[in-house]
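A.B. asks: Got a structure for you, written out below as structure tokens; questions coming shortly.
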């Protein structure tokens, strides 16, 4: 009498376990149909299925497991196509992908708001260079984060590279924010240089009084704001990349605390112009439209800080999965809430920046005859795109170094793990 498929699998399992014990949960047949192995290596590995079965934490390398997440893991041998398809399959990374991919479109929608304001210069005008750099920073952060969670199951080495890039884009985003703060929230932002244009006497008086009050109010900060602010932001961003990449190869026990605290430093440095504005009077006259537009800055900044604090708490505490391991493996675990809160903080930051851009465009000294367009000091290709380009090149070199180190460490381990996994899946398919 011919043996059934299950009997054949159990017989093969017993034969192999005499030499090397295997995980019976991994070998248990998922159905009672005869499976025909495909000659294609990927299909052969997956027993003819489009995507491999999801695994528990005990069936995958310890390197890819997360605290209190017990199931929903992908073995790190997926192809690119399989990784992309897994975005539509409930794994423990699916929510991490969508919570930073969908916000790209929400952010883009609100980002376009300043370009439609009355009196706004063309989108390619130097006035908008800092805003475009900020947009680039946020876009790279959201896309790198979502793609890191989607593609990290291709191999152990690619997993490391994905998250190195993720940390790099977070640091680049902080410098993008600094550029926007410097040119739109800086205490001197939007103030016209005297003698430029054919202002009437009222406008000249307003400009003179605004510039005089600012000069007297911030002498102790002028050197930092005008000379050290952007370089400091770039230096801190590079330090953050180095520290976060290091947590993937050492300091593993406290990696979440270190990563969270490390990014507190660029927040404090980047937010210096906002702290100054909150502690001093507004540069705009109380009766002006600019003052009304700028008045919401404190509210949006407080909300921005609130969401950052909440996201940090989720990232460090690992709540709610810590309270009920296994229950939040697919949906609702802390990293998904971390993503949601970080995006809400970015959205409030965008609203704050948009309000300041609107305030600058409404400033009385900008109301000049069309024949004499206002001259806004500051943004140039070198001081915005040039800064980001140099920063990105520095971050890329750091990522390349850590990626080379990761390849030398994890490539041999990954090859051995894949051979063992192939053997197990071969037995399951037969």
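A Cβ is built for glycine as well, from the same backbone N, Cα and C atoms used for every other residue.
Please treat TrEMBL annotations as automatic predictions, because they have not gone through curation.
Sharing the feature lines straight out of TrEMBL:
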type: TRANSMEM; residues: 95-112; note: transmembrane segment
type: TRANSMEM; residues: 132-151; note: transmembrane segment
type: BINDING; residues: 149, 335, 339; note: Zn(2+) binding site
type: TRANSMEM; residues: 163-184; note: transmembrane segment
type: TRANSMEM; residues: 221-244; note: transmembrane segment
type: TRANSMEM; residues: 256-276; note: transmembrane segment
type: TRANSMEM; residues: 385-404; note: transmembrane segment
A.B. asks: Tally every other Cβ atom lying within 10 Å of the Cβ atom of residue 149 (Zn(2+) binding site).
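C.D. replies: Residue 149 (Zn(2+) binding site): 28 neighbouring Cβ atoms within 10 Å.
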A.B. asks: Hey, which bits of the same chain come close to the transmembrane segment (163-184), Cβ under 8 Å, at least six residues off its ends?
C.D. replies: 129-131, 133-138, 140-141, 143-145, 148, 152, 190, 225, 229-230, 233-234, 236-238, 240-241, 244-245, 248, 259, 263, 266-267, 269-274, 349, 353, 356-357, 360, 378-379, 384, 387-388, 391-392, 395-396, 398-399, 402-403, 406
A.B. asks: Can you give me the same-chain residues 6 or more apart in sequence from residue 335 (Zn(2+) binding site) with a CB-CB distance under 8 Å?
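C.D. replies: Listed in sequence order: 66, 96, 314, 315.
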A.B. asks: Residues of the same chain, at least six outside the transmembrane segment (385-404), with any C-beta under 8 angstroms of its C-beta?
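C.D. replies: Same-chain residues near the transmembrane segment (385-404) but 6 or more away: 129, 133, 136-137, 157, 160-161, 164-165, 168, 171-172, 175-176, 179, 230, 234, 237-238, 241-242, 245, 248-249.
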A.B. asks: Other than 149, 335, 339, which residues of the same chain sit close to Zn(2+)? List them in sequence order, counting a residue when its Cβ is within 8 Å of the Cβ centroid of the site.
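C.D. replies: Output for this site, in sequence order: 93, 95, 96, 97, 99, 100, 145, 336, 338.
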A.B. asks: If you draw a 10 Å sphere around the Cβ of residue 339 (Zn(2+) binding site), how many other Cβ atoms fall inside it, taking every protein chain shown into account?
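C.D. replies: Around residue 339 (Zn(2+) binding site), other Cβ atoms within 10 Å: 25.
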